[in-house]
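Written below as structure tokens is the structure these notes are about.
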Amino acid sequence: MPDYKIAPSILSADFARLGEEVDAVLAAGADWVHFDVMDNHYVPNLTIGPMVCKALRKHGVTAPIDVHLMVEPVDDMIRLFADAGATSITFHPEASRHVDRSLQLIQSLGCKAGLVFNPATGLEAAKYVMERLDMILLMSVNPGFGGQKFIPATLDKLREARKLIDDSGLDIRLEIDGGVKQDNIAEIAAAGADTFVAGSAIFSADDYGEAIEAMRRELAR
Ligand code: DX5
Ligand code: ZN
């Protein structure tokens, strides 16, 4: 079985109690914390920035923090999030004028780097920078909001990305983000994903541990 990771998106957490929410979801068995950054420019919503990431580290969070930048441009935010304790930083290639340079910037600051692809965007931007990628993140909803429905065409795209990664022989994680639930995670894994972002499916549950366990049971089937 692949080394599956479950990364709850704190977009669906109670922001008024964010530290407790992150503690709770990690105690419930989450592997990573997925941190959605929106700027009301690249996407039509506004969320949290590097100060909140730093505050979570100060609060005592030691788990990987997976920063998903939905901002444009990206380089200033890369610097600030690396300084704020991000473990990995991903960005959308169309939001950077110099994708290769932005990837190098992330890695030079000691973080893992990745590209994010919107539902209608092809994987071409990944092809010539594979050596610089620690992860590829496929959006299975249009970015900007939690609680949307998984777009089924993403399954074919996952298979395409899985092939690209396997053919490269490189160690690159394949992450999926948007509409991941207990009832579709097995199909998504079968299409090639190894890292699963889930916001509403986990944070709307009464018992986070049971929600994560149910996902792991599906993955082990
Ligand atoms: C959407 C974000 C996602 C979102 C996923 O732009 O990137 O991480 O929080 O939420 P769910 O799992 O509810 O679709
Ligand atoms: Zn995200």
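Note: Cβ is positioned from N, Cα and C throughout, glycine not excepted.
Note that the coordinates shown come from a computational prediction; the quantities given were computed from them, not determined experimentally.
Annotated features in TrEMBL:
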type	residues	note
ACT_SITE	D36	active site, proton acceptor
ACT_SITE	D177	active site, proton donor
BINDING	S9, H68, G144, F145, G146, G147, D177, G178, G179, G199, S200	substrate binding site
BINDING	H34, D36, H68, D177	divalent metal cation binding site
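Overlay of TrEMBL annotations on the structure.
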| residue | record | Cβ within 10 Å |
| --- | --- | --- |
| S9 | substrate binding site | 24 |
| H34 | divalent metal cation binding site | 27 |
| D36 | active site, proton acceptor | 24 |
| H68 | divalent metal cation binding site | 26 |
| G144 | substrate binding site | 18 |
| G146 | substrate binding site | 21 |
| D177 | active site, proton donor | 26 |
| G179 | substrate binding site | 23 |
| S200 | substrate binding site | 17 |
- Message: Neighbours of the substrate site S9, H68, G144, F145, G146, G147, D177, G178, G179, G199, S200: Cβ within 8 Å of the Cβ centroid, same chain, sequence order.
- Response: L11, S12, D36, V141, P143, Q148, V197
- Message: According to DSSP, collapsed to three classes, what secondary structure does S200 (substrate binding site) have?
- Response: helix
- Listing them in sequence order, which of the recorded positions D36, H68, D177 have their Cα within 10 Å of that of G144 (substrate binding site)? D36
- Message: Cα-Cα, whole number of Å: G146 (substrate binding site) versus H34 (divalent metal cation binding site)?
- Response: 12
- Other residues, Cβ within 8 Å of H34, D36, H68, D177 Cβ centroid (divalent metal cation site): A7, S9, L11, F35, D66, T90, L137, V197, G199
- S9, G179, S200 filtered to the binding-site residues whose C-alpha is within 10 Å of H34 (divalent metal cation binding site): S9
- Task: Provide the three-state secondary structure of D36 (active site, proton acceptor) computed with DSSP.
- Result: strand
- Message: With the Cβ atom as the reference point and anything under 6 Å counting, tell me which of the binding-site residues (H68, G144, G179) are near ligand 2.
- Response: H68
- Message: Need one number for the substrate-binding residues S9, H68, G144, F145, G146, G147, D177, G178, G179, G199, S200: the maximum pairwise CA distance in Å, whole number please.
- Response: 17
- Query: Where D36 (active site, proton acceptor) and G179 (substrate binding site) are concerned, what is their Cα separation in Å, rounded?
  - Reply: 15
- Query: Whole-number Å distance between the CA of S9 (substrate binding site) and the CA of H68 (divalent metal cation binding site)?
  - Reply: 10
- Message: Quick check for the class: what is the C-alpha distance, in angstrom and rounded, between G179 (substrate binding site) and H68 (divalent metal cation binding site)?
- Response: 16
